[in-house]
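Asker: Straight from TrEMBL, here's the annotation block:
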- 23-59: region 'Disordered' (REGION)
- 30-45: compositional bias 'Low complexity' (COMPBIAS)
- 46-59: compositional bias 'Polar residues' (COMPBIAS)
- 73-110: region 'Disordered' (REGION)
- 76-107: compositional bias 'Polar residues' (COMPBIAS)
- 245-279: repeat 'PPR' (REPEAT)
- 280-316: repeat 'PPR' (REPEAT)
- 317-351: repeat 'PPR' (REPEAT)
- 352-386: repeat 'PPR' (REPEAT)
- 387-421: repeat 'PPR' (REPEAT)
- 422-456: repeat 'PPR' (REPEAT)
- 457-491: repeat 'PPR' (REPEAT)
- 863-972: domain 'Pentatricopeptide repeat-containing protein-mitochondrial' (DOMAIN)
- 945-979: repeat 'PPR' (REPEAT)
- 980-1014: repeat 'PPR' (REPEAT)
- 1015-1049: repeat 'PPR' (REPEAT)
- 1050-1084: repeat 'PPR' (REPEAT)
- 1120-1154: repeat 'PPR' (REPEAT)
Amino acid sequence: MQTSSSFILLPFTTLTTTPSLRSNKVRIHSSTSTSTSTSTTTTSSDSEQQQAISHNKFSYSRASPSIRWPHLKLTENPTSSNTKDIIFTSPSLEQDPSVENETSPSSLDDLLDKNDETLEALGRVSKTRVKKMTKLALKRAKDWRERVQLVADKILKLQPEEFVADVLDGRPVQMTPTDFCFLVKWVGQSSWQRALELYEWLNLRQWYSPNARMLATILSVLGKANQEKLAVELFTRAEPGVGDTVQVYNAMMGVYSRNGRFAKVQELLELMKSRGCEPDLVSFNTLINARAKSGTLLPGVAIKLLNEVRKSGLRPDIITYNTLISACSRGSDLKEAVKIYNDLEASSCQPDLWTYNAMLSVYGRCGKATEAERLFKELGSKGFLPDAVTYNSLLYAFAREGNVGRVKEIGEEMVQAGFGRDEMTYNTMIHMYGKQGQHDLAFHLYKDMKSAGRNPDAITYTVLIDSLGKAGKITEAADVMSGMLDAGIKPTLRTFSALICGYAKAGMRVEAEETFSCMVRSGIKPDHLAYSVMLDILLRSNETKKSMTLYREMLRRGFKPDQGLYEHILLVLAKENNEDVFENVRKDMKDVCGISLQSLTSILIRKGCHEFAAKMLRLHVSHDFELERESLFAIMNSYSLIGKRMEALALLDDLREKVPKSHDLIAEASIVLLCKDHEVDAAMEQYNNSKIFGLSKGSCSMYESLIKCCEVTEHFAEASQVYTDMKFCGMEPSESLYRSLVFIYCKIGFPETAHHLVDQAESLNFLQNDFTIYVDIIETYGKLKLCQRAESLVGKLRLKYSTVDRKVWNALIHAYAASGRYEQARAVFNTMIRDGPSPTVDSVNGLMQALIVDERLDELYVVIQELQDIDFKISKSTILLMLEAYARAGNIFEVKKIYHGMKAAGYLPTMHLYRCMIGLLSRAKRIRDVESMVAEMEETGLKPDLSVFNSLLRMYTAIEDFKKTREVYQQIVESGFKPNEDTYNTLILMYCRDLRPVEGLSLLQDMKKQGLDPKVDTYKSLISACGKQKLWEQAEDLFEGLKSKGVKLDRSMYHIMLKIYRNSGDLSKAEYLLVSMKEAGVEPTIATMHLLMVSYSSAGQPREAENVLRNLKTLGVDLSTLPYSSVIDAYLKNGDHKLGKEKLLEMKRDGLEPDHRIWTCFIRAASLTSSTSEAMSLLSSLRDTGFDLPIRLLAERSESLVVEMDRLLMELGPLVDNAAFNFVNAIEDMLWAFELRATASWVFQLAIKRKVYRHDVFRVADKDWGADFRKLSPGAALVALTLWLDHMQDASLQGSPESPKSIVLITGTAEYNMVSLDKTLKAYLWEMGSPFLPCKTRSGLLVAKGHSLRMWLKDSPFCFDLELKDGPSLPDLNSMQLSEGYFMRIGLIPVFKDIHERLGHVRPKKFARLALLTDEKRDKAIQADLEGRKEKLAKMKTTSALAKPGKKTKFGRIAVIGLVFGELWKREAEKTSRCQREIVFCQLRVELIPANQYTNCRRLEETLQQLKVKTEFWHIERGIGQKNESRQKAKKSMGLLSSHVYGNNSLVGKSNEGT
């Protein structure tokens, strides 16, 4: 026999793309044909027995893939079975489960078998004719099968133009009514048309009496052929006479069941009952089958159907259970299927192979491949042999998981079991490869399928087209479609749908439309998917008219778009402003999807149709409809999501005017909108206004929005107030709001309130088992050092819960760590180890943090070792925690050890680690380490960030390497970083230390423009730098600006201003500042009054200083020696030694003993006296008060002086105000002035020993010769210089240590007691003719070339004896004198003035030669030098005038350049101040170089380039910190210079021309 069925795939999850289907290749046709099958004739009784057995054993139809492979969601084609192009022939004939449901053994077949009439021949059979038999003989005859088969074959062999009557009218054999039933059934299996014709022929015969069996048979035939209308017509005609024949009703229900007409089956069942016909088990099985085919079963429906069978008094059989399990398989309802299966076992109904196959299918569809395999093995253990369906179901389970290996194994097992791979096997595997994107394997399998003799069906081709479309292989998909058509297989609805979906995905609208039209022309009706896809592509192509036409057709066909497609339609209409059509579609959408106006409006706004949505809302409100809360809030929320706050506020204003009764709602919406945009200030203002005007209390959503907005913006106090108002209004927070409130109260430091809120929430069944809330509370207790409450809370949790979360324990450890309570934290840690949960890295870090907070860093390694002993692996975060702790402590050794250990362990340094390391090394001024660390970081691929650059800026600024500082800043700019406050503050500090406050002020203005606030310390540095550079007005403006801002200034700021007013000589402002200081709440101290008195002293008004002292006495202030020292120093500096001594005695009378301050004043004054007697007189005053060490240093040569000085320095060391430092400086000045140089040397070395002076005040190391004499007094600096020169001389003679290329001597620019150290050292070195010269780029530096210095130290007569010696006796006069800031040898002063006044600044060697000459010879030498200069200048002018263009001259251009520079400098000097000159010319130093030293133009050009470098022209070009006006003036001056020298020609272009 042959059974015809057609297969179509249900919609795929993902759309595919396929190429255009050529209309000339669409060959969809049908032709009426008959399919003949021959049955095997059995005449023995064994065949009857075999047939009876076949009814009792389980059989499973291989011709019904819709049940065998439910994962493919196959349905039967409603077209006629005689369509040749879409016939599917089953390889074998077995019983269809669906047929079993409709005509079970207890129905039609049993009826026919039970009424079987065998034919028995009566008498001899004639050879010429068939004898007519009696009815009894006819019934007893056993050849009924041969007779039925004979007639059936004749009928089926009829040509289309022939009729059944042509066979039956001839009465070929005698037949009973039962035989005719079998005949109709057998004919109907091949041709339902001939079966119907046979049925009609019988009904037209008078001798035939219609019966229920025949009606049931023909209904069954029509049902199998999907001829529902004909079956309904026959049943309707015959139904009044059916009576209580249950088989007829069952057959008709089977017809409806095949098409899933569950409602019709139910209706027929009720009709059956109303006619008094009791349904049997077949009736209910058919009902269950109809419900299964009508759609996916909802959870619980299968059990409900099973219970209905039992309620009817029937016992479910295996078919009932199998049908229900298959229905669950279609819906992938594993839970329901297991319940049915358990019920089957509980009811003692034995499962059969169909049962196991159905359960395998359920497990496979639900992704339970392991369970499916377990059931497969169980099936074998129960004695069942797997069939092809079993193997295919198991194969699908693993194919769904993508387990290619297991799928291949099952396929091989299937072949070994004797089942070849059939179409479903291949289809499943092809689909699996397609989903995995292995399209080559899918094609290969497709070819194997054809070579194996398995004909690909519609499913095969559709799967291939779908997978190729997903992969974007459109050409290959077209080939598959063409192959499908060439093979004569008609594309199904799903094939066309896949093709249309493919075009939709590719955006090929025209091709999609052609394919859709072709599908309709071929007789296939589009389904919901096809309509939806076409609508979507038309809408995307803006084909509104076509889409609306298709939409109306879709509605007429009974299909309705889903909500997403409706939204798309409405959005297109909204963008086109098509209001009429929009309203009609919206109504349809409301009926279908139940969407409200507010939801639709929200969708429109979210999709960008804001104006249309607002228009709809305004229109809705204008018709006096009440404004809905949900609608308004949905619109506001949508506006907020897309950032359209202004449009939303405009809409609210409009609504406020049109709907005044909804003012409260609009105000609430406005607050919520502002909260969503995090405009907390505006939201709180609106909220407060609402309370003022007495509006309604608002909703929970408004309060929740306000509180959460305050939480995000960290306005915790406001959040607390809103919560209070909320509670006052009687509203309860939601669970999420409780969570936010707990966080807020923890943040503002009220963990008790947070704990109370948690208790309230738990009483409402909120925050159950949420340990994170408790973690916040415990951590807050820890931060507030309330460890006992944290411990108590954890104790309550331990009583409440059997297991406390690990986060809670860690929070308790960190709470103890915040207070440095390591022992308690360790106890918690041990409890975790003992009772669980086990500690984590966070637990270990808490222990380490406890030790760090308690400053027990030396125990960190001990704890680490203990943890390692108990098999704890130390994490990278723990090591970083240790490193940061040592970094904060400044322990570079430990930090570097940990760092190198991390690298050795394989931990790659992170950016955070580099920041930490570089920050530490920068603070320690480890320049080389920092630079190597930065280089290493760049080698690893990490670029320095702004934090690293700022660390470098601070380091270079601290060591006053301002060139490097500028380079780092340039790197910041080139890297694209925007300087932050730290950057600007450091740069301003650099300019202040470099005494360039003008550039600092410019940066300060830039900083303010960018909205950055400078630190108060930055202002302090700028004010101090302005004071040092005598920019009094700028310093005062900065100070007043700080006061006007309301900045609370500390005492040090007032002291700086007092010093500035002191140096500027404006004592009235100093006095007013003192009054302002008191008004600001800063009480002046003794130090403040000391500064005021020093100001009077500097102004030469010691009397005023004394008045201040008297006022202090009058006020009863507890005085120290500080104010007395100020007055005494003022008198001594003014030369009133007598008054100074009197004040000393007055201090004694007031009960104050002289201390280091008084000693220093008298010793310093003694060093500046002109004669030894005056110095001895001053020192005698100290001796009279009990301090005789200074006078003994001058008068004695005792070794005990060393011991006494050492002891004194030890006593003075711990004192404040640099007591020892100032004292030693004064002693050194005095000893040097009175030629006690050896004594000064051992005092200097003693000061270094006692750390009064730095140990590296000078150094002579390998390639590192240098000195830093800043803050030293002139005498101390001269001692240090002589010792340094002596050390360098030894190194030069011995050749070790090796000198660098350049030696730097740092003198600084500050003055110490009206003495300039820079000037003093210059005078000393110039007198010796040293090679030290002033630095060209920085003031306060003297630089010498290494080679020149070594030669000078070896050869100069000034360096023959650098040993410091004491004079044989004290000189009568002071050997040193203070003049214009120079502390120089008294005999050198007139010579120094003469040389500099007449020749200007000259080089040291020339100065030394001139200084050694007698006055008469010196005068002649200077005069000759001046005359030589005049002659050279006149000769140069004459040569320049006579020179021809283009002719090279002996004299270069450099003299002219020097002359022009000199003139420019002179002009600017007359117009500008010192500071402005530095800005315009950048510390321009011009030297008039003799022109006869240069012989050619190339040398002249090189010299000019050197001169440009010397003038620091690059600094003008960069313009760092300079004002535009000054920079333009500098460039103009340079341009003027070029025009003087070269005319309008450039330097490079005219490099070969002469002068």
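Quick reminder: no glycine exception, Cβ is built from N, Cα and C everywhere.
Keep in mind the model is a prediction, meaning the values are calculated, not measured.
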Asker: Can you name the far-off residues of the same chain, 6+ from the ends of the repeat 'PPR' (387-421), with a Cβ under 8 Å from a Cβ of it?
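Answerer: Those are 60, 62, 68-69, 71, 353, 356-357, 360-361, 363-365, 367-369, 372-373, 376, 379, 428-429, 431-433, 435-436, 449, 452, 454, in sequence order.
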Asker: What mean pLDDT score does the repeat 'PPR' (352-386) have in the model?
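Answerer: The predicted confidence over the repeat 'PPR' (352-386), as a mean pLDDT, is 85.
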Asker: Would you mind listing the long-range same-chain contacts of the repeat 'PPR' (1120-1154), meaning Cβ under 8 Å and 6+ residues beyond its ends?
Answerer: 1086-1087, 1089-1090, 1093-1094, 1096-1097, 1100-1102, 1105-1106, 1108-1109, 1112-1113, 1160-1162, 1164-1165, 1174, 1177-1178, 1181-1182, 1185-1187
Asker: By DSSP assignment, list the helix, strand and coil residue numbers for the repeat 'PPR' (280-316), in that order.
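Answerer: Secondary-structure composition of the repeat 'PPR' (280-316): 24 helix, 0 strand, 13 coil.
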Asker: What is the three-state DSSP composition of the domain 'Pentatricopeptide repeat-containing protein-mitochondrial' (863-972), stated as helix, strand and coil residue counts?
Answerer: 84 helix, 0 strand, 26 coil
Asker: For the repeat 'PPR' (1015-1049), what are the DSSP-based totals of helix, strand and coil residues?
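Answerer: Its residues divide into 26 helix, 0 strand, 9 coil.
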Asker: Treating G and I as helix alongside H, and B as strand alongside E, what does DSSP give for the repeat 'PPR' (245-279) in helix, strand and coil?
Answerer: 26 helix, 0 strand, 9 coil
Asker: Is it possible to list how many residues within the repeat 'PPR' (352-386) are helical, extended or coil according to DSSP?
Answerer: 26 helix, 0 strand, 9 coil
